[in-house]
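Please read the structure below before turning to the comments.
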Amino acid sequence: MDKQAKIYVAGHRGLVGSAILNNLQGKGYNNIITRTHKELDLTNQLDVASFFEEEKPEYVFLAAAKVGGIVANNVYRADFIYENMMIQNNVIHQSYVHQVKKLLFLGSTCIYPKNAPQPMKEEYLLTDTLEYTNEPYAIAKIAGIKMCESYNLQYGTNFISVMPTNLYGPNDNFDLEKSHVLPALIRKIHSAKLLSETKFDEVIKDLNVSNIEEAKAYLAKFGVSENSVEVWGSGKPKREFLWSEDMADACVFLMENRDFGDVMASRHPELVSGSLKQPEIRNTHINIGTGVDVSIKELAETIKDIVGFKGNLVFNTEKPDGTMRKLTDVSKLNRLGWKHKVELKKGIEQIYNWYLEINE
Ligand SMILES: NC(=O)C1=CN([C@@H]2O[C@H](COP(=O)(O)OP(=O)(O)OC[C@H]3O[C@@H](n4cnc5c(N)ncnc54)[C@H](OP(=O)(O)O)[C@@H]3O)[C@@H](O)[C@H]2O)C=CC1
Ligand SMILES: C[C@H]1O[C@H](OP(=O)(O)OP(=O)(O)OC[C@H]2O[C@@H](n3cnc4c(=O)[nH]c(N)nc43)[C@H](O)[C@@H]2O)[C@@H](O)[C@@H](O)C1=O
């Protein structure tokens, strides 16, 4: 990509999209186009077609999606499959129609089977059944991978799919019902600490409610009091966390330095050359992660230490655990030349400071 290349970042206000935008701007890219959800609903086929016709981007980062934590995925199953399939169908197809030079599609490690061997290699895709809590979302993401692969093979496009592990960082979603575990626990544990220190004005401001009774009643629904914080599930599942700015750096690195062919198959040249022979293993995507995971209990205890909350953690086994483990094998990404920089403890300190600053 040269610095004047026209680059469309879809989802530029989200956790990953905002980090990609910053990374590109920091590297001197000066022809970036963006649209908010309100300005362009990517589920609308005609609007997306008109947008590509007008703007003709040369490169596309597809970081717009319907995203949420375990409960949101489990409850809003129809929205997750419908919106994600519509967004990716429209953006990937129009990228082909308008001859986009390269597109990066963001999937998720939930595409792998629920009981996949650990760490999970790219080739474990479609080898067994999925985790139920996020099956509709995962199926949409698998369709996205296969769409990129199919367009590459039939039409010679250069579309790369990446499968990030659980992400966190600035502009994350801190909603207690719909967010992922890391921002949810930061907010819950921070609120409990404020209650324990009787800093009621700060709690009221953070929740945007009119008085402390209302704030306490709201927090109680999520198991937060001055003495304790509820953690969903048994605390035994393990998760791997990647800082969003590292994730953005990996995405830009791949767009700058790698092609679909590198991802696909130095081991399977017949796929890239378009031969009809079906390969034994179809590597179509790359994992992005750290290769290190922690249990949810360890995560909650680390956040508790960093926040400085002295109360208890209470595990609510009525809430789902989800997949027990989904550690990525990142050897392929490392071989392609990229490795993460921010370790978990430092990242939690950074995101907690960010959270405090935006609430000042
Ligand atoms: N967060 C995580 O832990 C993980 C995320 N991923 C994947 O990474 C990608 C980015 O996720 P993340 O940054 O966390 O998500 P966010 O929810 O933070 O951001 C999503 C973005 O998509 C935009 N968007 C959503 N729906 C539409 C729509 N119909 N039309 C136009 N824009 C829309 C939103 O726009 P607006 O701001 O204008 O509303 C928002 O900017 C997604 O593909 C996700 O599946 C994968 C693994 C883990
Ligand atoms: C990125 C990934 O994110 C989703 O999968 P997930 O990893 O299961 O997501 P999660 O972050 O919400 O939970 C991780 C673990 O943590 C536990 N947990 C404890 N306490 C809270 C809590 O307060 N909130 C949340 N959300 N989880 C909690 C929770 O019970 C679970 O055991 C996918 O649906 C899909 O979107 C996807 O790809």
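A Cβ is built for glycine as well, from the same backbone N, Cα and C atoms used for every other residue.
Note that the structure is predicted; figures quoted are calculated from it, not measured.
Taken from TrEMBL, the feature domain 'NAD-dependent epimerase/dehydratase' applies to 7-261. Residues or ranges marked as NADP(+) binding site by TrEMBL: 11-17, 106-109, Lys141, 164-167, His180. Positions annotated as site 'Important for catalytic activity' by TrEMBL: Ser108, Cys110. TrEMBL lists Tyr137 with the feature active site, proton donor/acceptor. Feature annotation from TrEMBL assigns substrate binding site to Lys188, Trp232, Arg239, Asp321.
Taking only the Cα positions, the spacing between Pro164 (NADP(+) binding site) and Arg239 (substrate binding site) is 12 angstrom. Of all Cα pairs drawn from Lys188, Trp232, Arg239, Asp321, which the record names as binding substrate, the longest spans 19 Å. Neighbour count (other Cβ atoms within 10 Å of the Cβ, all protein chains): 24 for Gly17 (NADP(+) binding site).
Closeness to ligand 2 is met by Ser108, Cys110, Trp232, Asp321, these being the recorded positions among Ser108, Cys110, Leu167, Trp232, Asp321 whose Cβ falls under 6 Å from the molecule. The 6 Å Cβ screen around ligand 1 retains Gly11, Gly14, Gly17, Ser108 from the binding-site residues Gly11, Gly14, Gly17, Ser108, Asp321, ordered by sequence position.
Across the structure, Cys110 (site 'Important for catalytic activity') and Asp321 (substrate binding site) are spaced 14 Å apart at their Cα atoms. Of all the binding-site residues in the record (Gly11, Gly14, Gly17, Ser108, Leu167), the one with the smallest CA separation from Arg239 (substrate binding site) is Leu167. Along the domain 'NAD-dependent epimerase/dehydratase' (7-261), the predicted structure has mean pLDDT 97. For the binding-site residues given as Lys188, Arg239, the lowest number of other CB atoms within 10 Å of the residue's CB is seen at Arg239. A separation of roughly 28 Å, to the nearest angstrom, links the Cα atoms of Gly17 (NADP(+) binding site) and Trp232 (substrate binding site).
Sequence-distant contacts (6 or more apart, same chain, Cβ under 8 Å) of Asp321 (substrate binding site) comprise Gly233, Ser234, Lys236, Pro237.
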